[in-house]
Amino acid sequence: MFELPSGAEIQSIIATLKTGVGFFIPEIYLSVLFMLLIVIDLMVKGRKNNLLSAVTALGLAGAFYFIYQQHLLEAGEIFFGMYVLDEFALFFKYFFVLSGILAVLVSVADDQLNRQVRSIGEYYALIVAMVIGMIMMASSADLLMMFLSMELVGLTAYVLTGYLKNDPRSAEGALKYLVYGAVSSGLMVYGFSLIYGLTAETNIMKISAELALHGYDPLVMMLASLLILAGFGYKIGAVPFHFWSPDVYEGAPTPVTAYLSVGSKAAGFAVLMRFFYVAIPHGGEPFQDIAGMDWLSLLIVISIASMIYGNVVALWQKNVKRLLAYSSIAHAGYALLGIIAMDELGTQATLFYLLGYLLMNIGAFYVVILISNRTGSENLEDYRGLGRKMPLAGAALTVFLISLVGLPPTIGFIGKLMIFSALLAKGSVFIWLALIGVLTSVISLYYYMLIPLNMYLRESQQPDEGKEATGMVHQIGIAVLMILTIYFGLFFKPLLDFAKISSSMLGMTIY
Amino acid sequence: MLSLIVFLPILAGLVILAVPSSQKQIIRMVSLLAAIAQGVLAVLIWQGYDASLPGITAAAGGAPEGSFQFIERLPWINLDLGTMGSLNIEYFLGVDGLSITMVILTALISIIGVLSSWPIQKQVKGYFILFNLLSTAMMGCFVALDFFLFYVFWELMLLPMYFLIGIWGGPNREYAAIKFFLYTLFGSVFMLLVMIGLYFSVTDPVTGNHTFSLVAMASQENYIKDAILGPDNVMWRYAAFIVLFIGFAIKVPMFPFHTWLPDAHVEAPTPISVILAGVLLKLGTYGMMRINFPLFPEVFQASLYVIAVLGAINIIYGAFCALAQQDLKKMVAYSSISHMGYVLLGLAAANTEGMVGALYQMFNHGTITAMLFLLVGVIYDRAHTRQIDKFGGLASYMPVYAAVVTIAWFASLGLPGLSGFISEAFVFVGAFSSETTRNVAIVSVLGIVFGAAYLLWSLQRMFLGKRKPDAAYDLEVGADGHEHIHFHDWKGKLDLDARELVMLVPLAVIVIFLGIYPMPVLGMLTSSINKLVEVLSPVVMTALN
């Protein structure tokens, strides 16, 4: 029989919520921004793409202030353990707001998106909604909350992918994304329910305590880990949960592709790390596994498969967006290596890798957008001779690609260096993983270099139509990203320090 | 001083970036000035260098920089990694006998490279920016004493080289450029892993932190016993040695990793061939002497015979391939493979004579091959072909050219009185006096015979006799009644012009001078080589255990 809570209980619930709200200010701020954008879209007449993008960018930049204020608060749980605030969550708050701002910047650059007959409408509001969703993914400490926030990100992403209404590829991508998303969410919820069955808890810290106290059936745990990984793996775009990504990346408006490739992927990493680091500890008594297999072995398999599959299949791509889609599968594999190391250095490496990937991948897509504005195409063949027509964009794209390969002096090199250091710091156990990592990097060089090859080594077949040059804002934009990619490849200490501070998670049991 | 010599070209590159691309002459002059300034600095460093100090490693309890000279040591990145200690990367430059030889060579070849780039007309601005970037990276590699810094410079070379071959190269340049890139990267990614492994295995004797310092890594007492590449982990030390060796051997290039080199040379424009053969190949053997061998001396001692055999294969296989070539440039490329084999053989001797010979051969090969490629470029500019059988009787029509070619060809085959002879002689003396390599040395001597064969044969076919019926030029009787030859669309001077002489004569003088009186170079490197041999000797290692 359900009993109504007494007055005192209600009072205490309200008090808890009130304290919780104090820890929730950036999210509230962003929600207000989201609604404001919808209101502006409804109230202002005419084309308002520039107004909306400016409000979004400034609004997102304002969020940095509120996130910065949260450093003063102590790490803790709020809303009855649904949500946490810790250094790890703060890192991703900065990360997602930054990725949102960069997404706005590349959206402004994209002619295809802005040429639509109707105004851009709720596009920017959806970008903000996705920032909120991703922040909540990184901060959720409860299975229900994780699921809800992942769905929030998923739903906004489906809409954004299909935003080019007149382009059948966009619609196809959105539908594929939705179908695969629904399946993987279903599997993940099944996994969650198995965990709930084992522990009767949904809070990940309580799950951890419960598992430690009572033990568990390793077979069920293995099954649950696998099912949950289907959900997380879908978000990070790792093999074998990657099938959506080439079509979605190709079909979506390029700014959305850029945004998904860094934002949604990083959010997947955040929730994956928090879930496995906190809820299901690894190895040793009292945690048993099946014949030496546990979720870590699953991650190793996924990581290897992603590095090999992504890099090898990319070799045959003719479309740059598809090529970058396969490359992003491979990069998910590299970033997973840091998690596999299962220590502070590894976490730090993965966080740093994601930061580097944010810079270089957004940068690469930025140039792809500027090129497609000029040529109307994303095919490799149409990149011929562009290096001389667009000198800055060509140079910048080359730097971003070199960084994606992992060559110095770029941030991508430091990312790989940290990842491999984390593996080798474990002694000789993971050397073979590092070997696969470096060998697949060599493979990746070939397809990344196809782009500069076409831009610089081959001459264009068609005469240049002499379209207007890229705007000054975007010239500066790519120049800044290029300089940062090199600067942080040489002076990476601040970012690594930041990643190190951020590698502490509430209720973490591994280190 | 060293920072200046390393970064001058990049500064020049930045200046060029600001120059409008139509001002080709200014762009060339800026590059030339930077290269000359680099040369002046190299001479100053050479003058200030104390040849009695060995370098290589630091004595226990002594200065952590050892007896390296012109040291610049600054902390670059200091990171606290929590339980893993801290990450320390230094900006650490210095020279000893090994590197100063190469610094001088690099500065010399850079000047030659800029001069021989003069006729390039296509995208001059981009060309010289990349050229200067390449120049910085090469110089940086030779003076870096921090493994991380070395690696950064090492990788920094790849991209400019890719574009320099890929944009300014011959018809099959795309293939050659990416092949070069993939091969070298394949070698260097293993180096990355070994570098990380070494970092976790070595501590700085002064601070006790992990370090990337190559000076600290060269002393076996700085290794943590049970670390991944520590003395107890024999298997991984062997594995690390082998992959490092392959990484450097690709650059040398050593059989069977050599196939990128003929492709790259044939497609590359003349100045890039000069840089490639003159400096880049030396980075492979320099890396072995600086990193691969002293860091894993016991594995080196165990693999002497293998290295010697690989060297011998290089010598003989390269010579055979050169013998079969119709394309003059390809012949010179294979002769490079053959001559780098002598360096490997000298290293495998593991004694002072052999190692001195190896390092001296690196220097001489740099100057001689630069000449060879320049000379190939000279004839290609005029005739637009490099097929050996499209020429004949050139000596009577281009006497100066023929004279310089003769000097270079004879230097390459090791004629006494020219520098190549001394280094090859040292290599063989070293290889014979070592028990391990004696048999290999006997077989390798055949390489000299084949070397003489392909060089003399090509000389004969091109320069002696009469014009062939299908030659790349026409014969005309001039107003003075003498016969002249005429290249179809060549407007310049028939024989060597002033710019070509400015490049070739100094090199020829160096080759002859160092063949008669090698002491200026030998004196500089002997004490370092002695120290290196000592570090590598089995006696020292047994004393440690």
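Using N, Cα and C of the backbone, Cβ positions are placed for all residues, glycine too.
Taken from TrEMBL, the feature domain 'NADH:quinone oxidoreductase/Mrp antiporter transmembrane' applies to B:144-445.
The transmembrane segment annotation in TrEMBL covers B:6-22 (among others).
If you look up TrEMBL, you'll see B:29-49 (among others) marked as transmembrane segment.
For the transmembrane segment (B:91-115), the list of distant contacts is 2-3, 5-6, 9, 28, 31-32, 35-36, 38-39, 41-43, 45-46, 49, 51, 53-56, 65, 67-76, 131, 135, 138-139, 142-146, 149, 213, 215, 271-272, 274-275, 278-279, 282, 286, 289-290, 359, 362-363, 366-367, 370, 374, 499, 502-503, 507, 510, 521, 524-529, 532: same-chain residues at least six beyond its ends, Cβ to Cβ under 8 Å. Taken from TrEMBL, the feature transmembrane segment covers B:91-115 (among others).
The transmembrane segment annotation in TrEMBL covers B:127-145 (among others).
The transmembrane segment feature in TrEMBL is assigned to B:151-168 (among others).
Taken from TrEMBL, the feature transmembrane segment covers B:235-254 (among others).
Feature annotation from TrEMBL assigns transmembrane segment to B:266-284 (among others).
For B:304-324 (among others), the entry in TrEMBL reads transmembrane segment. For the transmembrane segment (B:304-324), same-chain residues at least 6 beyond its ends with a Cβ under 8 Å from one of its own Cβ atoms are 245, 249, 252, 254-255, 258, 262, 331-332, 334-350, 431, 434, 436-437, 440-441, 443-444, 446-447, 450-451, 453-454, 457.
Taken from TrEMBL, the feature transmembrane segment covers B:331-350 (among others).
According to TrEMBL, the transmembrane segment annotation covers B:362-380 (among others).
The transmembrane segment feature in TrEMBL is assigned to B:400-428 (among others). Away from its own ends, the transmembrane segment (B:400-428) comes close to residues 335, 339, 342-343, 345-346, 349, 353-354, 356-358, 360-361, 363-365, 367-369, 371-372, 375, 378-379, 394, 441, 444-445, 448, 451-452, 455-456, 458-459, 463, 495-496, 501, 504-505, 508, 510-516, 518 of its chain (Cβ-Cβ under 8 Å, at least six residues beyond either end).
Annotated transmembrane segment per TrEMBL: B:501-519 (among others), in sequence order. If you look at the transmembrane segment (B:501-519), the same-chain residues 6 or more away from its ends with a CB under 8 A from one of its CBs are 108, 112, 115-116, 360, 363-364, 367-368, 370-371, 374-375, 400, 404, 407-408, 411, 416-422.
Among the recorded stretches B:235-254, B:266-284, B:362-380, the one sharing the largest number of Cβ pairs closer than 8 Å with the transmembrane segment (B:127-145) is B:266-284. Tertiary neighbourhood of the transmembrane segment (B:235-254): same-chain residues 183-184, 186-188, 190-191, 193-194, 197-198, 228-229, 260-261, 280-281, 283-285, 287-288, 291-292, 295-296, 298-300, 303, 307, 310-311, 314, 337, 340-341, 343-344, selected by CB-CB distance under 8 Å and a gap of 6+ residues from either end. Long-range contacts of the transmembrane segment (B:151-168) within the same chain, counting only residues at least 6 positions beyond its ends with a Cβ under 8 Å from a Cβ of the stretch, are 120, 122-123, 126-127, 130-131, 133-134, 136-138, 140-141, 144, 174, 176-178, 180-181, 184-185, 188, 191-192, 195, 264, 267-269, 272, 276, 280, 283, 287. If one looks beyond the transmembrane segment (B:266-284) by at least 6 residues along the same chain, the residues whose Cβ comes under 8 Å of a Cβ in the stretch are 102, 105-106, 109-110, 112-114, 116-117, 120, 131, 134, 138, 141-142, 154, 157, 161, 164-165, 168-173, 175-177, 248-254, 327, 329-330, 332-333, 336, 340, 362, 365-367, 369-370, 372-374, 376-377, 380. Here the transmembrane segment (B:362-380) has Cβ contacts under 8 Å with residues 101-102, 104-105, 108-109, 112, 116, 265, 270, 273-274, 277-279, 281-282, 285-286, 328-329, 332, 335-336, 339-340, 343, 386, 391, 394, 401, 404-405, 407-409, 411-412, 419-420, 422-423, 496, 500, 503-504, 507-508, 510-511, 514, 521 of the same chain, all six or more residues outside its ends.
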